[in-house]
Amino acid sequence: MESSRSRSVFVDIGLRELNGFRVRKRPFFADSELICREISGVAVEHDGNRTPPLAVSFCKTSRNSQLFAVSDEDGHVSLFNSSKKFASSATHQENTENARFRDWIAHYNAVFDISWIKGDSCLLTASGDQTIKVWDVEENKCTGVLIGHTGTVKSMCSHPTNSDLLVSGSRDGCFALWDLRCKSSSHKEEFCINSTGMVKGAHLSPLSKRIRRRKAASSSITSVLYLKDEITIATAGAPDSALKFWDTRKLKAPFAQASPQSDPTNTKEKRSHGIVSLSQDSSGTFLTASCKDNRIYLYNTLRLDKGPVQSFSGCRIDSFFVRTMISPDGEYVLSGSSDGNAYIWQVNKPQVDPIILKGHDFEVTAVDWSPSEIGKVATASDDFTVRLWNIENNRCTNTNATASVSRVKRRVTAFSNTEAKERLEMNRETESPQKHSSLSSDDDYNNNDQSTPIIRTPESQKKKTSSSSSLSSLSSSEEDIICERTPETTFNSPSSVLNPPSSVKRRTIRDYFLVTP
């Protein structure tokens, strides 16, 4: 028993690979709990006048991960540096003077949404003046104005790979597509850009009464998303809890629809609650929709017909200003709340009570995750402040757990039976004192690696020999059949260029959505 306990970790892994034993994957949060700590807070004010923030957004690139932008109700946009040292005794106004390095009036109306594009060199601002502006942050000037909406622009989202393309949603009930390269006219060095496509009445209220000319009254679009497949747009509206998915190549009608209800068109089944905001993780697999029924629904974009896979509760969503964001890795869901707190849920533990971020005095509206600094979030509130938080994992570890975590992860190749036995015997001999003394004199072990045996990937001579012998035993006709089945033959044939196999065809959200006849 003592000899088995003293075996090295490499011997154990080799035995597991030899016997076909799979190591059980440890849950990341098996023995841990989340601890949220407030880093600092800044006040949103200009010339001594405080104003409520409406949107907050971290920079997208890693080199600018410490910077974030804040827009407010007065039309200002402010840039802050979160890497500044904040004194524990400093006030929010003092922190603003320390961290804010740029501030300007972007619109003469409220700015409801902001988005970084082009490697954080440009900033998009969506405003209540029915326009979207493109700002060159380095030169601090407006380079384009997107015109075409007839209502407040509430939400926008840029293309996942082409930052010249974006989609926007407005209170006029329309969502529009834009291409920043299509500039129609210029006025005072500001290029006016018209939309390349617009869908009117995308979300009509099912309970709205018919008005003149038998047209239904359109309702506000509250949130839009450009999905990661690069051709699908998700929209949400105020009248109901339905998500609609549109193909940018054919915008006549949505090709898919998802809702917490089994039948979103059946208004008698359940009262319809408007969707406030949408968000997606960096892979595009999960999508969250915060609803006015005080719940946040999680959808799998590859199984939209199944409805939400999970839901989270605990926050209060009384207005269409409270937003929700899923973390870039898809592990957490962060949401504001009308009760003055922010909430964080673990996606893999929806039944566990959320972590509550306490500190704000009024409704928490905008929230955002830092895409590069893991665990760093920002929350904006009607108390005229934006606060930064750090989320940490407090693991309950012991000596054995610490030792297992600190071991170097190394890929071990499964050997044949005879080869594995020989190498296992070599590993046992390596752990003897005589072997250690001989290794210490070698120049290749001058560092602290004397006790670590070297395991190299075995040569593939036997594999080549066995494959060649098996082919030689086959007849010429059988060899031709095998060659025709190889992937190289399939991909290199001229017919595969025009008709590629299904495995290499590009899949979109539409391919995964099953349309019932």
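Note that the numbers count up from 1, one per residue, in the order the chain is shown.
Cβ coordinates come from backbone N, Cα and C, glycine included.
Note that TrEMBL annotation is computational and uncurated.
Since we're looking at a predicted model, the values are computed, not measured.
For reference, TrEMBL has these:
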{"type": "REPEAT", "residues": "104-145", "note": "repeat 'WD'"}
{"type": "REPEAT", "residues": "146-188", "note": "repeat 'WD'"}
{"type": "REPEAT", "residues": "327-348", "note": "repeat 'WD'"}
{"type": "REPEAT", "residues": "357-399", "note": "repeat 'WD'"}
{"type": "REGION", "residues": "418-503", "note": "region 'Disordered'"}
{"type": "COMPBIAS", "residues": "419-434", "note": "compositional bias 'Basic and acidic residues'"}
{"type": "COMPBIAS", "residues": "466-476", "note": "compositional bias 'Low complexity'"}
{"type": "COMPBIAS", "residues": "492-503", "note": "compositional bias 'Low complexity'"}
Can you tell me the mean pLDDT for the repeat 'WD' (357-399)?
87
Counting by DSSP, what is the helix, strand and coil composition of the repeat 'WD' (146-188)?
0 helix, 22 strand, 21 coil
Please list the DSSP helix, strand and coil residue counts for the repeat 'WD' (357-399).
1 helix, 24 strand, 18 coil
